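**Q** Structure below; questions to follow.
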Amino acid sequence: MEEFENFFSQLIPAPDQDIWLLAAQQTPQNNDGVSTSGIPIGWSLQNLAASTNNIAAIDSNPQIREQLQQLQQQQQQQQTQIQQQLQSYQQQQQQHYQQRQQQYQQQYQQPYTTPSPPDQIDYNQQLSPQQQQQQQQQQQQQQQQQQQQPQLQQQNNTISQQQQQQNLNFQVQFLQQQQQHQQQLQQQQEQFQHQQLQHQQQQYFIKQQLQQQQQQQQQQQQQQQQQQQQQQQQQQQQQQQQQQQNQHLSPILSPLPPIQQLQQYQQQQQQQQQQQQQQQQQQQQQQPQQQSINIGSSNTPLQHQAMLQAQSLMDSINTKQPPIPPTLQSPTQHQFLNTPVLDQHILSSIRPSYSQVTKANISTLPTEITNSLTNFNGTNNSTPNFEDLTGGKLSSNNIKNTATPLSSPPSTKNGKQKQPKNNNNNNNSSNNNNNNNQTTTQQKQSKNNNSYGNNSNNNNNNNNFNNNKLKKQNDSTTTPTITSPNMTSPIDSNGDFDLLDEDEKKKSISRINQNLASRNYRQRRKEYIKEIESKMAALTFENHQLKKENESLKETGGVEVMRPEPELITMVVEGKQIIIQLSQALKKNDDRSLIYLLHLYHCAIAKRYSIVEREVEKIVHPYTQSKLAAMGYIPKSDKMFLNCIAGPAADSWFQLFKNEAEITLEQSNKLEALRTQHGKIDSALLQERQELDLDIKKFYYTKILVLPNNPLIIGDIPAQPYNGELSQSPISNSPLEISQLLDFAGKLESLKKNFILHRNLMLDTLASLSSILTPRQEAMLLVRVHFYTSYDFSHMELLKDVWTNIVSSKSITGPLNISEALKKLSDTTNTHHSIENIVKPPQFHQYTPKQLKFENQSNNFGNNNGSKSKNIENNLNNSVNNNNNNNNNNNNNNNNNNNNNNNNNNNNNNNNNSNSNNNNNVNSNSSNVNSNNNNFNNAPQMVLNPPSADAIPYPSTTQLDKRFQWVSYPSAPPPN
């Protein structure tokens with residue numbers, strides 16, 4: 001007991017001592033360089049101290065911290081476990097001690113006393129025999145304990161060694177983890193440095209690109225500045241030249257009247273403003289700061305002068321005082337009034353109030369201004385050279401007529417004036433004429449005061465006429481020259497104006513009004529045409545969208561629903577290929593290949609459940625059901641899909657098959673039970689389907705298809721198969737309730753389940769045959785019957801043809817005509833088929849639409865069957881043509897239980913009459929004959945080669961017989 005306590009007390013560390021340093025204490029070493037405790041020399045306290053330093057460096061990593069915390073928690077858990085073990089051991093020892101005391105009391109009936117030390121024992125005392133026995137037992141126990149002590153010591157040593165090894169392994173793992181963390185940190189540092197280098201390189205490249213872009217922008221800015229400086233220099237030179245010319249011409253020239261100036265320079269102002277706006281936009285994109293500086297420095301003096309001149313003009317007009325005469329003005333004012341650049345600024349400053357001033361103040365102009373206007377018209381026979389709106393110079397008549405007297409009229413040619421050749425001569429002549437003009441103006445002012453009213457009206461008319469001509473000449477001619485009738489108007493020798501006659505005035509006024517009216521009419525006509533074109537474009541777009549929607553509805557509404565799934569066709573073709581190989585294996589008696597081929601056949605048809613569900617979803621769709629109800633289609637009793645197994649028609653045939661396949665009594669009993677069970681379930685499903693179809697038709701005819709041509713109102717054919725039940729249901733136009741819609745949806749869902757159950761019943765019956773028959777018997781059944789893979793697509797194709805003819809026809813057909821066509825189709829599908837038609841041989845071509853005629857001609861099953869199928873198809877096509885072309889005159893004659901359709905259309909002269917062997921007269925249009933020939937010529941090639949003679953189950957004996965024969969059945973009904 002004490003030894004165990006000492007051992008465990010050594011294992012428990014002190015609170016200030018780390019448990020991991022116990023195993024690292026220095027121990028005496030052997031010659032091999034390994035310590036007695038099993039720790040190598042390399043693991044010393046120094047290495048551990050270095051590792052702790054590394055740990056302190058790694059403490060910054062949160063992952064390592066979490067791991068260290070986990071390790072500490074594990075250490076604490078181990079300590080608690082050891083303490084719990086010690087406590088449990090002590091408790092066990094105490095319990096064992098108490099049990100021994102109780103045993104002692106029971107045996108000796110005395111309380112247990114602790115033994116005295118060996119010195120106090122009296123050896124001379126005589127012991128009783130019981131005591132002697134006890135002593136002997138104690139001695140034996142002591143001997144046993146002494147013998148067990150080395151074993152316990154060995155166990156303790158082994159336990160201590162194991163713990164030491166565990167501690168060492170844990171330390172090694174811990175150090176390895178530290179090294180791994182250090183390596184990961186180094187790798188992360190290297191990756192981070194590599195990313196920094198990449199980032200620095202990218203920044204360096206970006207800086208270089210930015211510097212290059214900045215240099216390019218600076219170069220562009222410098223080029224633009226140079227261009228602007230050149231333009232400014234050119235403008236300054238032009239202004240200086242104009243000022244020099246105006247200084248020479250200022251004493252000669254008198255200023256134009258303000259109204260005429262405003263009218264002439266209005267267009268010039270608009271064009272220049274547009275140019276300035278374009279330049280400002282370009283400069284704002286490139287140099288927004290330089291723009292403000294250059295514009296402010298170049299235009300401030302001009303704007304100041306323009307504002308002063310505008311104020312003087314406005315004051316003179318409002319106060320009805322004449323402006324300062326040009327002779328009293330300063331040279332700067334002469335320059336201001338005569339330079340076109342300054343006139344532009346005047347117009348720009350007074351442009352907003354121009355229309356108001358002209359309307360309000362023309363009638364109240366002072367007499368002095370009117371006199372100046374009349375004097376200007378009389379004396380100013382020449383105009384100075386000044387810049388036009390577009391920048392060109394106008395020629396002056398005065399310069400040209402310097403050698404002639406003042407009374408002579410100016411010479412013009414085609415309304416255009418010639419520019420002078422010598423500017424020096426022009427300047428001299430203008431100076432000479434200026435003095436004469438100044439003397440005559442003052443004398444004529446007093447004369448013209450009385451004639452202010454007449455002259456003002458004439459001047460206004462002339463100014464309007466001049467402005468219209470100026471606009472036309474600016475639009476039509478490329479040269480910037482402008483001529484006015486004031487300059488070319490005839491004048492007297494005294495310089496007076498010859499007044500226009502009243503007729504000429506009326507003509508000029510009417511001409512101006514006509515021009516304005518025609519211009520307004522042209523503008524309104526253009527706007528109206530644009531509106532009509534936009535409306536037409538919107539209507540064409542809408543019409544195009546409606547056409548697309550109608551085409552998509554036609555495709556998804558009827559034609560595609562009638563077409564079988566491509567997956568179904570591929571499954572049928574695969575089944576046909578496998579059955580051809582089964583027939584070959586039967587001839588060769590190869591049982592192994594039969595089993596393999598049957599397995600392939602069942603795998604190929606394993607997809608039938610999903611395909612059936614998709615086909616049923618198409619048929620049960622509410623849109624398809626509404627189409628069928630609108631057409632008046634009624635589902636007849638379905639032809640038995642498994643007529644070869646179930647039904648009374650298969651009794652005789654099935655008995656022959658049993659004899660040929662050597663079916664046992666047990667197999668025949670199972671087959672008969674399967675047939676009866678199939679018939680019961682099939683009849684129950686058919687009855688349920690008829691009830692559901694009746695309810696759905698009632699819902700459509702009473703709630704949705706409430707039309708004038710409703711079959712219930714007219715008493716049409718669709719109510720007859722239901723025994724008049726549909727006609728008894730009331731018709732209502734009230735809106736549908738939610739309960740009615742839910743009930744209708746539930747009926748559609750139950751119809752879908754009925755279809756799926758019926759199809760799965762057929763397919764499950766086929767699968768259950770394989771569990772009853774042997775592989776050879778099943779192969780014989782599939783090859784002889786081949787009912788599943790000989791899926792007859794003729795009825796589906798005929799339905800598709802009927803629907804496509806209805807959709808593609810131009811004339812509108814009602815649901816009554818469609819119902820008649822479909823009734824005939826349903827009558828043909830319900831004919832009683834013989835066993836020869838049911839038991840078909842395998843077809844050796846892939847199914848494609850529009851191939852029925854080629855199929856009937858290529859497979860020689862008898863002339864009667866071929867002519868019968870042709871008659872049925874031609875009758876259906878002719879019935880559709882009759883319903884489309886002759887809605888009013890439909891004459892149907894029935895002869896020899898066959899439909900003979902006669903086209904009574906006066907416009908169609910292409911009627912082909914053909915007499916069959918069974919006295920069946922079938923008339924078809926030329927379009928139908930051509931379609932038959934085209935289908936025969938353009939038939940697709942066969943996918944599979946025809947089988948060899950060995951593969952045929954019953955080879956023909958003669959050429960006139962059928963290619964594939966079956967045993968003649970005496971009880972089979974004759975073909976119709």
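Even glycines carry a Cβ here, placed using N, Cα and C.
Given the structure is predicted, the values throughout are model-derived calculations rather than measurements.
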**Q** Suppose you had to name the range Swiss-Prot annotates as region 'Leucine-zipper'; which of 509-516, 637-644, 653-660 would you pick?
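**A** It is 509-516 that Swiss-Prot describes as region 'Leucine-zipper'.
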**Q** For the annotation region 'Disordered' in Swiss-Prot, which listed range does it cover: 54-78, 104-128, 154-178, 829-853?
**A** 104-128
**Q** Can you break down the region 'Leucine-zipper' (509-516) into helix, strand and coil residue counts using DSSP?
**A** 8 helix, 0 strand, 0 coil
**Q** Within the domain 'bZIP' (504-567), count helix residues (DSSP H, G, I), strand residues (E, B) and coil residues, in that order.
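**A** Split into helix, strand and coil, the domain 'bZIP' (504-567) gives 61 helix, 0 strand, 3 coil.
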